[in-house]
């Protein structure tokens with residue numbers, strides 16, 4: 001258990017660990033998921049560099065035992081018998097550059113990579129963690145041919161390790177003859193010393209640690225179970241009544257106190273709790289009524305048919321009524337019944353990574369506070385009116401719910417740069433998306449359906465309408481101060497899903513994930529056993545489908 005906790009802690013090391021506000025550099029602007037993601041990327045890069053610099057400085061102070069290094073360097077390759085455990089083909093994907101023997105600071109710079117920093121931090125947890133044997137893969141590039149292989153094996157032996165797998169191939173790197181992959185079982189502390197020792201040997205072009213426990217240690221921690229969303233509530237605070245004087249509620253002490261009260265309720269929420277009931281005030285219900293009436297008036301002409309159909313169902317079940325704000329619990333029960341989505345209260349603006357991660361579990365993190373009465377038709381930050389009128393109806397549509405979940409699944413373990421791209425796709429689809437219906441363009445984005453001004457702008461001939469293509473959408477500059485000059489139009493939700501799946505397959509994440517609805521757990525498909533289990537489940541489903549088709553084809557008696 002100690003090893004598991006240490007591994008998780010180290011994978012969290014480069015993740016978002018705090019809330020951000022304008023006091024520490026977060027710009028006070030209109031809320032944007034894309035801007036949130038870009039700010040996260042900047043801070044994570046700064047954090048990574050600081051951690052790496054500190055770890056490398058510490059590593060340079062440590063000395064490799066002289067007798068071990070001398071043993072490695074004096075090894076006579078002609079006298080060494082080398083047994084190849086397995087020789088296949090090395091992975092084709094090139095590895096990150098590691099300083100070679102030709103680098104200027106070769107003799108003094110330990111050159112720790114992120115993987116090694118994670119390993120070093122895991123080893124420093126306790127004496128037991130330092131001595132714990134782990135399995136790792138090390139790639140060594142040989143300048144002088146296979147004659148240098150003996151030095152690697154001798155070094156592994158000197159550091160009390162065991163070679164469990166060995167592969168070699170001709171190298172594609174200039175000045176290097178062979179690449180060798182060695183999988184070893186070795187104590188963490190010794191593994192770090194082994195890597196440093198090999199790097200100081202002139203006949204090796206580079207040495208790099210690939211992974212530990214079959215999961216790339218550079219991938220950020222992400223929740224595997226819905227209960228772990230309790231750890232995904234980091235806030236991006238920039239446009240709030242306590243922080244920005246341009247906020248409609250900045251000078252309203254009563255409103256500010258109300259916001260804090262509702263935020264504390266969300267902070268106290270834990271997985272499995274019933275969603276707290278909010279006794280909305282007369283003013284808050286009045287604000288809802290104003291927006292509700294305007295949206296209902298415009299949706300008939302400008303909203304997509306899926307939105308209109310669910311809106312009517314919500315009215316029929318008396319969840320959408322003009323006189324009062326719906327409670328999140330009753331809306332959550334409605335979504336669960338229709339698509340399996342549920343709601344979770346959020347205290348404010350979540351970081352992009354945390355927000356997208358919740359979608360993977362078919363959970364939407366929703367605010368419960370209401371915009372200020374002085375600005376009922378526009379809010380620069382999400383409030384429960386935006387969530388309820390903008391997002392909830394389409395989350396009850398099976399096709400759109402599936403699309404939302406797939407964006408969430410794609411975000412798990414994605415790099416910071418890919419989180420930015422996914423956030424941009426989300427921005428131009430779920431928030432500001434348009435779709436075709438016959439010969440007309442209709443709105444399905446929540447930011448349009450809950451803000452009539454931009455809705456009318458989006459469906460007019462003023463902005464440019466482009467076909468939805470995730471690759472180009474993901475890098476399109478966005479506008480967070482004024483209406484968008486460009487909107488993307490999907491042929492249908494099914495077409496958008498298919499294009500999105502093809503685009504996600506090109507992402508750099510070294511593993512695939514799936515959501516198991518029975519356990520509410522995300523499974524990482526990184527072993528043959530897991531894949532065989534999944535294939536067995538799929539075969540069972542295919543059998544049920546085949547039987548159903550056969551029965552439908554039978555003639556009536």
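Each Cβ is built from the backbone N, Cα and C atoms, and glycine gets one as well.
Features of the protein shown, as given by TrEMBL:
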REGION    88-110  region 'Disordered'
COMPBIAS  90-100  compositional bias 'Basic and acidic residues'
COMPBIAS  101-110  compositional bias 'Acidic residues'
DOMAIN    207-553  domain 'Biopterin-dependent aromatic amino acid hydroxylase family profile'
BINDING   386, 391, 431  Fe cation binding site
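Features as recorded by TrEMBL, highlighted on the structure.
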residue : record                 : Cβ contacts under 8 Å, 6 or more apart
386     : Fe cation binding site : 371, 379, 446, 447, 450, 451
391     : Fe cation binding site : 364, 366, 430, 446
431     : Fe cation binding site : 33, 445, 446, 447, 448
Model confidence over the domain 'Biopterin-dependent aromatic amino acid hydroxylase family profile' (207-553) (mean pLDDT, whole number): 88
For the Fe cation site built from 386, 391, 431, further residues of that chain with CB within 8 A of the site's CB center: 382, 387, 390, 430, 445, 446, 447, 449, 450
